[in-house]
Each structure stands twice: as structure tokens, then as C-alpha cells.
């Protein structure tokens, strides 16, 4: 692509220093703050004259008040609940400390390059996901629509999880915590412990019976759970109020929602390190099992976690970056946010396993105490001789080391009869190996551990407030991935669209607050996003590298950043990343095919979970979720390819922003202009002369070079303009 002669070639190190200074610069003058608050998009202010009334309209796009606000928004979107309850589980399951190496490798090979790609296209084209991919190629415009559909599917159930967290948060202001003990059941004759709770645990019972009031299968609706319905309504009201003014409102909230979780995690880490057993948990967590690095499953799960941890394919990354200045160093942002995400995951893993180590130590002490009593009974009845017990061991107050010595002795002496003695080894590692993830970690394992904390209500309030903020940060990015592209494309008022979007989502979300709602959350989590997002990101990579052209894209980046990106990205975007994404897609499809579609149902009579297969209608819903999410891609391609919709009426609308209002202004196009905008290749154009009205008035007089090899003419030419026009494609 033709280079902008005004570009200043800067040294990469100097550019990074500038970015850091910009990020840490918060002491702006009153005039600077006023200028930033004006939400000006272009370097030069553009003013257009309305054809009907001759009034001037400031063509402005909302922008971030500061670089710090933008970084916090990206961090808030990428750092979510998965960092707390998914990454630690994967780390423990896949080799402990050894898992970090494949994760880091894949972060460098897949994560950072693709994250940088999404930031770049959003910042350069200054549109949401629909407008960006329409600009690259109208035939690939369905990629943006697919991203919006996936975002909406995810938002539907993700906010339900925030609703659950709100419920636990509201119940945490009690001493003792309501899930501390099993409830008692009274009848006319006597009082006894609730059988379902006695068979499981107090926290498990509270989660399934008190919070979810869960049914025994997905086919048993059981009606609405009114407590959770109210919490879901509160969650959607919070999201709606935060998003109703776009980044003007959500950006300010990000200062708290993005930073508060780090305060809580650090407090939890310091407190848990002072508890018995926490070091055992951390040691168990990070003890590397190097042999597991050779297993393909470990690499597949690491790649999947990298992919979803950064929010690739959702459109939120593109939407947030579209509000940046054009010369913002998005490469610095990509590296910074990616490593903040990684170190947050490691910090959360330290906290989780320090707390679980403390919990395992308590469980282990109970196990030793109970089994020591059993050994004393065996000694008193003569089943085991006192002579085999070392004299220095006191079974009334036995330590873990002494118990294991006695256990090993009895196992050798009573080798044939040992099984009938029902003694347990009571190893703390056995408890730590019972890895849990997701809601099981947050609402069962972690809540149980916190009941043993001094001042447990305080820590419970802090923990669930942290989860609420983590969830809301991700929700803001997800909703922005829906709102921004739709506003850019269909010219609707952002406030009205936000309210309608949230209201409709709440109504659909009522299916998740039935007594069987937890099973629908599992269904949507398993099938609505994984494969569709992989396909979306593969198509994004292909669109930039092969349709638009990797060389032209790198020239755009050089013009935009002021320095040439490393050749590393050329090879990643053109060869390595597409190959690895396709491999990951195939591996995910194979894994999905080998795993029977089903869910873990809570069986009241057994007080335990049991795997059940989905009924036939459930299978249809699972398949429909995947198809609906990716359907816009072929539909838009066929419509554009076959010209089923006439775009060349000569009256397109371009969106402008003024004082928070979205205005429509007609742009009359000559025939040649329309053919350019609608993506016709040069051979299909009726005239080589460009029309007069394609571009709005520019502040300079840039030189246009034609692209003899450009496939989509207008996409090539528009990117050369210092102040790129707002494309409606």
C-alpha cells in the first residue's frame, strides 16, 4: 500500500517508552482533559455541511479519555472468571508448573499475534466487527455478524453466573455464613440433620438445594427460581446502566472493576500464606510433571485457554480499539494486556491453591483424627498388637508423620486383612488431586475453605465482590462487541439499542433461572462459542493475510505505528497461526465427537452428581447453537456473491457522532463511486475515474496510488487517507 510521506520513523524502544509514559500520564492539564473529553476521532476535526439545512455537523467518534482507561477496559474484558476458576484447574490437571511452558509458547504463537491483529484492524478502520470485515471484503462481512451472535449467546448465560455471584454476595453478610453448617430437620419426635446435606457437605447442599433449587434432569423444568430471577434482573440492570452511554459510562467504571480484583487477590494471597497447609497447596500446584508435556491433550487445552483468555473472535477487542487514536501503539497494548492476563492467571492460581491447601490440611487433620480413633479401637479389641506401635507415638494426639508410620506398619502386619479394617491413608495430596473448576470451585470448594477463615463473612464479601467485578468487566466487552458494530452499521441510537438488547437478553435468560437452568448454562457454555469462535478467528486471519494482503496490512501498520512491525508477525499471520488454528479446530471437533454430549445432573436421593446424556431435543439445541452462530458467514457471502441485495442505490448513510447523538446523513454516490464502495474489482468498473463524493473533505491533500493487484479497490485506497472516511460496508 502507498506509504504516508508524513510518517515519522521512530525507533521501537523510543516508541515503547512513549507508550509507557502515555499510559502512566494521569496529571493532564485542564485543557488536555477538556480536549480528551470531546471524544474526537480524527487528528483533524472534520466538519460537514448537511445537504438539506446547510448546518455544520462535527463528525466525531467517541474516544477514550486516557490511555490508562483503554488498557483497563481491555484488561477487564480479557481477565474474567476463567482466570480464577479455569486456569488453576488446567494447570493442576496438566502437569502443574510444566503446564506453564506450553501455555507461554502458545501465548507467543497464537495469543499475542492474533490479539495484535484484532487491535490493529479495529484501530485502523475505526469500526466494530461488522464494519471492519465489510471493509476488508464485503463478502466476508458475515464474520462480524457471527461475532455478534456468539457474543449474545455468551452474554445470555454469563450474566446468569454474575446473578449467582450476586446472590452469594448478598448472603455473605451473616455470622455464621449460611453454608457453614448443615440444616436441621425437626419433626414431632426428634431433630436430625438434613439427609441430603449429611451425605454430601454443607456447601454442596447450599449450592444445589438452597441457591439453585435444582431439578434432577434438564427435562424437569421445575418452574422459575424467584431468588435467582431477581438476581438476574439486578445483573442486567447493572450492565444496562453501565453500557447505556457506551465507553463514556463503562470506561469510568473500569477504574474500579478492573483494579479491585487485584486488590482482593493480593489480600487473599497474603492471608492464605499465613494459614496452615497453604505452602503444601502451592508446592503441589507448581511441582512440574514434565512427562505430561508430551501429551497432545495438554497442548490442545493450553491453546484453547490462550484463545479464550484473550477474548479473541468476540468483537469486544475490535470494538474497544476502534475508539483509539489512529497513531496509538497497539503493538505495545497487545503485548502488555497479554502478559497482564497471563500473570493474573498465575496470581489467581497461587491464591486458589494456597486456599485449597489450607482446606486440604483441615480435611486431612479430620481424617487422621477419625482413623486414629479406629486404630485405638483395633488395639483395645486385640485385632492389632500394641507391640507393633512405636513407643514414642501417642495415638490420642498423633501428628501426620506419626500417623503415616503407624498406617504403614499396620498395612504390613495385617496385609491380608487390611482391606476390611477400612483405614485411610490420609494424604494431603489425595485431597489436592480432587481438582475442581468452574462453579464447583467458586461456590463449593472455595466457600467451604472460607468458612474456616477468621472473620469469614468479610472474606466471603470480598471474594464474591471480586467475582462480580471480574464478570462485569468481561460483560462490558461482550456487550460492546454487540452494540458497537450494530450502531456503526444500522445507525440506531446507542441508548435505545442497549436497553432493548439487555431487556431481550433478560427475557431469554429466564430459561437459565428455572430449577433446571444450571444444565442449560452448561449446554450453552459447551456448544455456543467454542467451535464458532475458532472458525471466526480462522476467517479473520485469512481475511487479513490473504484477502486484504499481508504485505499491504504490514504497510498500514508501519504508517499507523511509525515503525515497521517485526517480521515475526509476517510469518505468524501468514503461516504459523492459520495452521495452528486449523489444527486446534480439528482437535476440538475430534474431542467433541469422542465426548458424549451430556451434563452432570444432581441426584437428590444419592446426594451426588451423575452424568446424563441430553435428550433428543437437547441434542438439536446443541447443534442449532453452533449452526446459528456461524450461519451469518455463508449467508452474507452468498448474498454478496449473488447480488441478492441491491446495494448500489446511490444513497448510503454514513454515521456521525455529536453530543452523544447518532445522526444520519445521506451520501450521494456517482456510479463509479458506488462500484468502488461495493467491492467490485477494477475490471468490473465502468470507468477508471473516481467520483467526487466518495470521500468527505480531507484536511490535507494526500496522494492516491492505485493498487494494480488490489482485489477490493476501495479497501485499498481508503486505508491511505490520513483521515479515513467512515465506510458503510
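Positions of Cβ are set from backbone N, Cα and C atoms, glycine also.
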If you check Swiss-Prot for phosphoserine, which of 34, 200, 219, 699 comes up?
699
Could you tell me which of the ranges 142-162, 163-183, 373-393 is annotated in Swiss-Prot as transmembrane segment?
142-162
Residue pair residue 197, residue 643: same membrane side in Swiss-Prot:
no
From the ranges 70-90, 280-300, 406-426, pick the one that Swiss-Prot records as transmembrane segment.
70-90
When each of 70-90, 98-117, 142-162, 253-270, 453-472 is checked against the transmembrane segment (306-323) for Cβ pairs under 8 Å, which one has the most?
70-90
Do at least three C-beta pairs under 8 angstroms join the transmembrane segment (571-592) to the transmembrane segment (98-117), pairs 6 or more apart in sequence?
yes
Residue 383 (N-linked glycosylation site) to residue 187 (N-linked glycosylation site) - Cα separation in whole Å:
41
Comparing the glycosylation sites 187, 383, which residue's C-beta has the most other C-beta atoms within 10 angstroms in this structure?
383
Decide whether the stretches the transmembrane segment (453-472) and the transmembrane segment (70-90) have at least 3 CB pairs under 8 angstroms, with pairs required to be 6 or more apart in sequence.
yes
Please identify the stretch among 70-90, 98-117, 226-244, 335-356, 530-550 with the greatest number of Cβ pairs below 8 Å relative to the transmembrane segment (496-514).
226-244
Top partner of the transmembrane segment (530-550) among 70-90, 98-117, 335-356 - counted as Cβ pairs under 8 Å:
98-117
Taking only the residues in the topological domain 'Cytoplasmic' (1-69), give me the average pLDDT of this model.
49
Stretch contact, the transmembrane segment (142-162) with the transmembrane segment (620-642), Cβ-Cβ under 8 Å, 3+ pairs:
yes
